[in-house]
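Down below is the structure, laid out as structure tokens.
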Amino acid sequence: MSILDGLLATLVYLVAAFFLFFIGKVVYQLFHPKVKVSHELVVNDNFAFSLAYVGYFIGLLLAIGSALMGESEGLVNDLIDIAIYGALSIILLNLSILINDKLILRHFSVKKEILEDRNNGTGVVEGAMAVATGLIILGAIHGEGHGQGGPIVTALAYWGLGQVLLFITALVYNAITPYNIHEHIEKDNVAVGIGFAGALIAIANLIRYALMHDFESWIITLEDVGIDVGIGLLFLPLARLLTDKILLPGQNLTDEIINQENPNCGAALVEAFAYIGGSVLIAWSL
């Protein structure tokens, strides 16, 4: 392939990706028909919605990336794959948002918190769940090979497994913190939302890493995912302890996040970094 042919092919792929972004925007509106996106962003200056909406597009970017990555099989075949898996990724991402709102954030109305109360803590978590799902979809669709039923069935199974593990992550994180995260997020504690968001993205990154391996068998896949996610879940309390003792010496993380009038979002950001940075190091080391 000449340089010109390569540039033209790249341009075609970029156009296809931007078209998928447009489709993703339309599908988001279809899944949320009562949300006036422009009104919330421009008229209401709703930062909580902006956090959730930008998180959706980051997740969409990762999901679309799953359709663009991999070996080329020729321009026409590549475009067919991009269309099929891009559409699948968009649908799965939007379904995940609805499911996670009812499972992970089941203790309060996400719509009310973001649109009416403008709760930035909820907005952070909502955006993080979209990013986490985008990572899972990236891993689910990118790997070579598939089980019985074909690659689409395998991708759907991977996605379902990832959603279950995200829910388990939420339960584990709430268990290792000395406070109820849902109670404080509902009270508009942005710091709690930031820490929780970091944990979700960190574990999703490990799920992505495990799922991106070429498919050999369901047993091997489940072993890989179980080991990687198990290590990640065990690392969460350790990362929280390290944040306390090393990254925030002389300070108590819990006090900084919930036991003061203005929760310390900076400390929570350090906590979130510890989770995400740790997951990256774990993935590099495995």
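Using the three backbone atoms N, Cα and C, a Cβ is placed for every residue, glycine included.
Values in this document were obtained by computation on a predicted structure and should not be read as measured data.
According to TrEMBL, the protein has these features:
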TRANSMEM  6-28  transmembrane segment
TRANSMEM  49-70  transmembrane segment
TRANSMEM  82-100  transmembrane segment
TRANSMEM  121-143  transmembrane segment
TRANSMEM  155-176  transmembrane segment
TRANSMEM  188-211  transmembrane segment
TRANSMEM  217-239  transmembrane segment
Problem set entry | Sequence-remote partners of the transmembrane segment (6-28) [C-beta within less than 8 Å, at least six residues beyond its ends] | 37, 56-57, 60-61, 64, 67-68, 72, 75, 78-79, 82-83, 86-87, 90-91, 93-94
Problem set entry | Proximity verdict for the transmembrane segment (49-70) and the transmembrane segment (155-176), three or more C-beta pairs under 8 Å | no
